[in-house]
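According to TrEMBL, the signal peptide annotation covers 1-29. According to TrEMBL, the transmembrane segment annotation covers 274-297, 359-378, 628-649, 661-685, 691-713, 767-792, 838-858, 1107-1127, 1133-1153, 1160-1180, 1200-1224, 1236-1259. Here TrEMBL flags 627-792 as domain 'SSD'.
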């Protein structure tokens, strides 16, 4: 019983004890962990430890009120009793400058981060979630806190990370966390990010802070789990949600590229192929049925052997009403009169030329000399831009605009370095983490050898006009004159191009804590870092003051595993100059020295592919020079053949009399004279020549000219002089017969070529102009000068004088005149066989089948020009091209340009362009960012660097970047310590907003001149000095650009697609901006520009241009042929049809022979159109003037009389010369000249000499009664009548 009273008395005491214990714990929970700053940090010089203090929070000095409001807005902590003093707040501000500059783009992210640090530094409740674990005493009777544990809620840390994970760093095209997490952004998470920020080895934290993550109390501590904001939420101070670029959740669903159009198939078969074969089968069915029906009809009809005589439709029939009249239509009569007028004109002219040879030849020489005199003013264009891009084209105008506002695209010298060594090695980080494999190219010894090579290149000295030129004289140095180091995009620049830094190691006798491996791994994830935060604490920034992006300096890696790289890429950007020939000459001289050095470089451990800006042009020049011999041999073979083939040898005794070597040489000189006259005349007018003109036009004019020469000479050789007819009359009569045909072909070609000059492609336009004029001049010289020479040669032959040695003479002798073997072959064997009834259907079936196949593959001809084809087989650039496509992961830079006129000072103008908070979701930066999310489709690889967003971050009053001297207003760099420097904008609500109006322009020049440094990484000098074109006297912002990169582009289709997609994106931006009301005027737009656009723009429309050019040429040929054939529309239609078949079949050959469609092949197609006229027009005209009664007989006569001349004049002449081109070292010659020229000649000969006669025998125009009547009347009773009948 006694116990109970005692127990009862103990209850109040126990309650008091429990209450007291709870009270003391509550009091203890309110105390600080530190207060104030004490000794200097041993790890981070310049920073201090906090002083150990476990008392209650203390009132903040009023001097720190504004600073507290700036750093920790919304935390007033009651009476501002805190666990930190003003010094600690200043230290906190300095430590948070880089996070402020990179993360304040997203208000929610930065608010959460500041929450984390404000609670850590100043919270009056520190002891709830912090525990100091290590101390040391100082000399001033205080204790330093060396280590604390910080209990952080998992919910808070995850929410903070989620709000910050997408924030961009505009100037470097990377995630901001890549610069603040110590590793690549993709490897960063909430835990390792906070651990890195609190790690004593990061170079910023003066003492160790150990984060412990939990959402439940741990060891009596309640984790800090304050309220957070998602990046899609606005803050209480009015700040809006983060932009789509900085917050993926704010973007909505990721854009999905449209599906690729499926191939056009029918029943799983290519639609074009199936349609054409069905069409071909239907044609064969109808055609064979028609042929068989006609054959059966003829067999069943009994024909009288006198039918042709009794036929009243025959103009000379005995049943004709009036033998002196012909029942011809008006059109036939008009055609005959036109034909007769041409015959009379050319006959008179030919007779005059033979009678006055001296006058004609001398006059021709004078005119040729005067025309060719323009060659003294000849200008040859080798500039690729001038060759392939029209000054009026969109890409050319955009390039000119870009060059005039921002300067021309820089030149480059580039190395792609691999190693034959295959050994890989494993790096094991000392501080934990998985092993990292490194490729052989990243071995330290290899890197030292590469650095030796790089330093040797930096030390190269070239000579230009007696002056020494070094890399520093011409290189791109964006921070000059403050930093004159050249931009060198090389992985060695992570080590500041220093052997010593590459060898920098931190460790002891047992372990290596940090070396080049750890530095490399950090720098590829944070290339703009000024401190690698390993124990090395070396910067990653290059010596030129800018970052080295790993995708530009490394190659052959997978995804972003840069440690697996198999190639190093070293790029030396060089300044380019528009109108400064001296400085450009220095750059060219240094590049030449660079190429010479690299050609002689040898290292068994390194395989180096290299190229300079001038390399391609140099190699093309070398290729052209190396092929001079091949071209000379090709033309020599053609010249020799022409000289020998013109003569018709009747007997061995008269070989030197009947040969026409001198006449052949004269004919060749006339052809060359026409070419030189054409070049000279256009040179007088300042039209520049191109290599295509020089290489192709002689071939073309030789084909056309020699054909005409053979027709004139062989017609003369087969002709019999009529009684009482003199030589000049005979040659005049012959010229009257053949000159209309020559005029038809030459004038058709001239008009067709001149229409080709309407092309937008400079190369095609120039070729067409020169070719059209050369062909016409050649025709004029042939009917004048050559006819006079033929008359002289005929007189020599009749006088039995030897060819060449015309003073020597053979004794007179009677020789029987015989036709040439080729003429007899065509007349007696080839023509009769070809036009047999059973042969003709086979010919039609074969040729229509070939046409059907060609049509089915026309849409499959590849568009573009593989740049490797433009190089000689032994060119060092070929290896560079190969490595370029094999190793590189990033394409050319692309610039989205805003033309002068945009109003950046207004909120509307800013929101239409920028990518940060408050910017439009369809702004320029946001649209390009959206395109980068589907880079496989758009070919835009990264978010664009945005000077406007970085300027907004730079000018914020919380940042230490934008300051000026209070007295003078001059700019204060963040590294300057001067109490007179004040912030550009006040720490007020309005001051925290974006600058507008005059404020915008006031500080922008400062931003563009500020060099980035440790305290301010946002300075715009390095990244944006050329991106903003300021108007004079601070009048405003002119044109600007926003740069990003294309994805890697390997083949021509890739470049074409990249240009197409960039244009679509730029058009979308223009349309969007046009509705925002953000312009100062209505005459500006947005466009994209990249260095390759001017070369590949032609391919966007080349299919249409090809169709238009060839269609216009065919239309011209039809019109000219219709007129010059005596208004015979059907004849002209058949000529055009046959030429169209040749062109379509040429496209089929291009597909079979892997010849792509580009400016060179288009020139060849235009030339093919011209040469095809030669193959077709002579045959058709001979058919139209034939007086034979049936179409088959007329076709046979036309082929017999003109076929041999066409065959010997074009086909045989060209065949030998073309075969020599196959020996060329130049791939472009082998593909575009040998293959295409061979196809042109073979297809032209096949269609002109095989298909066309058969076609004429079936559907050729009926005989022109007026022409037949006139011919018979003209030849009646003469020897000519016998010859014609024969």
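Using N, Cα and C of the backbone, Cβ positions are placed for all residues, glycine too.
Unlike curated records, TrEMBL annotations are generated automatically.
Counting only same-chain residues 6+ beyond the ends of the transmembrane segment (691-713), those with a CB under 8 A from a CB of the stretch are 380, 382, 620, 624, 631, 635, 638, 642, 645-646, 660, 663-664, 667-668, 670-672, 674-675, 678-679, 734-735, 738, 741-742, 745-746, 749, 763, 766-767, 770-771, 774-775, 778-779, 782, 786-787, 790, 1159-1160, 1163-1164, 1167, 1170-1171, 1174, 1178, 1202, 1205-1206, 1208-1210, 1213-1214, 1217, 1233, 1237. Of the candidate ranges 359-378, 661-685, 767-792, 838-858, 838-858 contributes the most Cβ pairs within a distance under 8 Å of the transmembrane segment (274-297). Predicted-model confidence for the domain 'SSD' (627-792) is 80, expressed as mean pLDDT. Among the listed stretches 359-378, 767-792, 838-858, 1107-1127, 1236-1259, the one sharing the most Cβ pairs under 8 Å with the transmembrane segment (1133-1153) is 1236-1259. Using a Cβ-Cβ cut-off under 8 Å and counting only residues 6 or more beyond its ends in the same chain, the transmembrane segment (359-378) has close neighbours at 352-353, 673, 676-684, 686, 689, 777, 781, 784-785, 787-789. Non-local neighbours of the transmembrane segment (1107-1127) in the same chain are 331-332, 334-336, 338-339, 342, 740, 743-744, 747-748, 751-753, 755-756, 758-759, 764, 1133, 1135-1136, 1139-1140, 1143, 1162, 1165-1166, 1169-1170, 1173, 1177, 1180-1181, 1184, 1264, 1267; each lies 6+ residues outside the stretch with a CB under 8 Å from one of its CB atoms. Only residues 6 or more beyond the boundaries of the transmembrane segment (1236-1259), in the same chain, are considered here, and those with a CB under 8 A from a CB of the stretch are 699, 831, 834-835, 840, 843-844, 847, 1134, 1137-1138, 1141-1142, 1145-1146, 1149-1150, 1153, 1155, 1161, 1164, 1167-1168, 1171-1172, 1174-1176, 1179-1180, 1183, 1191-1192, 1194-1196, 1198-1199, 1203, 1206-1207, 1210-1211, 1214-1215, 1218-1219, 1221.
Same-chain residues lying 6+ beyond the ends of the transmembrane segment (767-792) with a Cβ under 8 Å from its Cβ atoms: 346, 349-350, 353-354, 356-357, 360-361, 363-364, 368, 371, 663, 666-667, 670-671, 673-675, 677-679, 681-682, 687, 689-690, 692-693, 696-697, 700-701, 704-705, 708-709, 712-713, 716, 727-728, 731, 735, 739, 742-743, 746-747, 749-757, 759, 1163, 1166-1167, 1170.
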